[in-house]
Ligand code: DX5
Ligand code: ZN
């Protein structure tokens with residue numbers, strides 16, 4: 001049975017106070033912290049890299065859900081394993097060798113995830129699903145927080161649910177982008193069970209916002 005998990009994205013937090021922000025996320029009862037890694041190449045923006053993740057690691061027991069928006073992610077897997085990633089999710093569009101890259105993540109003892117940009121079809125991951133613990137459906141174009149949820153992605157989530165059942169698999173389905181107290185209900189109804197939220201959580205009181213999301217999920 002897949003359980004619902006909330007993953008506040010630290011992209012929307014105060015970068016000068018990661019330790020405090022991590023404590024707030026932990027106190028909110030969130031299962032994950034979502035760490036957005038952007039290289040200024042695969043996506044136009046630059047965020048932070050493995051050294052910053054490593055420096056956060058001693059300050060939190062949260063599951064580190066690392067979303068790599070980087071070109072050729074296979075070149076960075078070792079660094080993020082050493083940094084303490086618990087889940088490493090890479091874009092199908094970012095690697096010429098997605099199958100090998102996912103194998104490498106799992107061989108390192110880290111949970112492997114694959115991400116689809118809004119324009120990328122489900123068929124692009126049909127033959128690698130046995131290798132993943134999580135499929136992330138982008139519900140905005142990656143690179144920036146604070147964008148509007150793209151409702152057409154709900155169909156994509158439903159398609160993945162059907163494919164997962166057909167293959168007898170049990171990976172999590174995560175959504176990322178524009179998740180708030182309204183869109184989380186739509187994503188859950190479509191079949192997602194891991195919910196990333198950046199600006200919604202950090203533009204208010206973290207504990208209160210996460211509690212509201214949880215109420216909607218339990219509602
Ligand atoms: C976007 C990132 C997201 C981002 C979501 O490229 O992958 O994780 O933090 O931010 P919101 O929740 O503000 O859309
Ligand atoms: Zn993300």
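Cβ coordinates come from backbone N, Cα and C, glycine included.
Substrate binding, as stated in TrEMBL, involves 9, 143, 144, 145, 146, 176, 177, 178, 198, 199; the candidate among 67, 91 given for that site is 67. Annotation: 9 are the binding-site residues among 9, 145, 178, 199 whose CA atoms are within 10 angstroms of the CA of residue 34 (divalent metal cation binding site). Comparing local CB density within 10 A for the binding-site residues 143, 145, 178, the maximum falls on 178. Among the binding-site residues 36, 67, 143, 176, the residues whose Cβ lies under 6 Å from any atom of ligand 2 are, in sequence order, 36, 67, 176.
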